[in-house]
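Feature list (source: Swiss-Prot):
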| type | residues | note |
| --- | --- | --- |
| BINDING | Asp33, Gln41, Tyr46, Ala86, Phe120, Asp286, Thr327 | FAD binding site |
Amino acid sequence: MYNTDVVIIGAGPVGLFAVFQAGMFGMKCHVIDAQETIGGQCITLYPEKPIYDIPAYPKIVAEELIKQLELQAAPFKPVYHLNQQAIELNKQGDFFEIKTSKNTLIKSKIIIIAAGAGSFGPNKPPLANIEDFEGKSVFYFINDKNKFTGKNIVIAGGGDSAVDWAISLSEIANKIYLVHRRDKFTASPESVRQLRNLAETGKIELVIGYQLNALDGNNGELQSVIVRDLQNNTHKLEANILLPFFGLKQNLGSLANWGLNVKLQHIEVDNSYYQTNIEGIYAIGDIAHYTGKLKLILIGFAEAASSLHHAYSRVFDGKALHFEYSTTKYGKNGKKK
């Protein structure tokens, strides 16, 4: 059995920043993640997706953000338990014992759940024979955007993923169609502004008021995408790639059986320190829910700092935290004093 101060469930960007923040407070961390590598959705789903709302980075791709967060956490020597899930929780006095799907046992005083969407998978459009095209012409995630160079692409959806990828791929694709059932997008206002500018210049064609209806092609090679409007009028889009971005299916898995207050696949927390209904267990990032919650990586970073600040006295048996700015803990060379 491993003994540590904090167990962090989830090695996405928020979980990785929590490792750094815990290290700044002198806490040792073990991290559990179901994926084979760290990074969460940023690596598994969209490593090349540009992110625009990380402070000091006008633009950074998801993969690079994860690399920087890993480097930031590395001095504190976290222990990663990858390709395994946290499946069992037991309370032993002031300690928690977690068992993973690989029978790893970890004992800690604090648990930080930063599991993002939990176990996730794409919401697939209900199109006949779509599985025949998956992996060849239909993709739900993008790990190498260069393979779409010169292609005619239909992107479906109105959220951040659909809009941001339409903008990004317009630089290399021959043609981009963005299909959305209405003229209102849920992506960030700045992304929508860029999208409409590109539509005005002809770089992107907006197909508004339509939904996906059928696929046409042979042997997994797409030739066209059929869309229809509310009056059942159809329109054919000549394309060899379809990228449907309709969000993710969430599944909390074993976490749902831990006695936590769960609502619609999210864990309810207080909005001061992000503690759950079980003292010593916190939830941060996309998996956490409270009044006024914003699902932004930046907000998750702040939740990590607040929750670990609050957890300090539990880890160190009632000792008060003497708050210091990071500049007082590191020298000019960036090394810990």
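All positions are counted from 1 along the displayed chain.
Backbone N, Cα and C atoms are what each Cβ position is placed from, and that goes for glycine too.
Locations of recorded Swiss-Prot features on the structure.
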residue: Asp33; record: FAD binding site; CB count, 10 Å: 25
residue: Gln41; record: FAD binding site; CB count, 10 Å: 19
residue: Tyr46; record: FAD binding site; CB count, 10 Å: 22
residue: Ala86; record: FAD binding site; CB count, 10 Å: 25
residue: Asp286; record: FAD binding site; CB count, 10 Å: 26
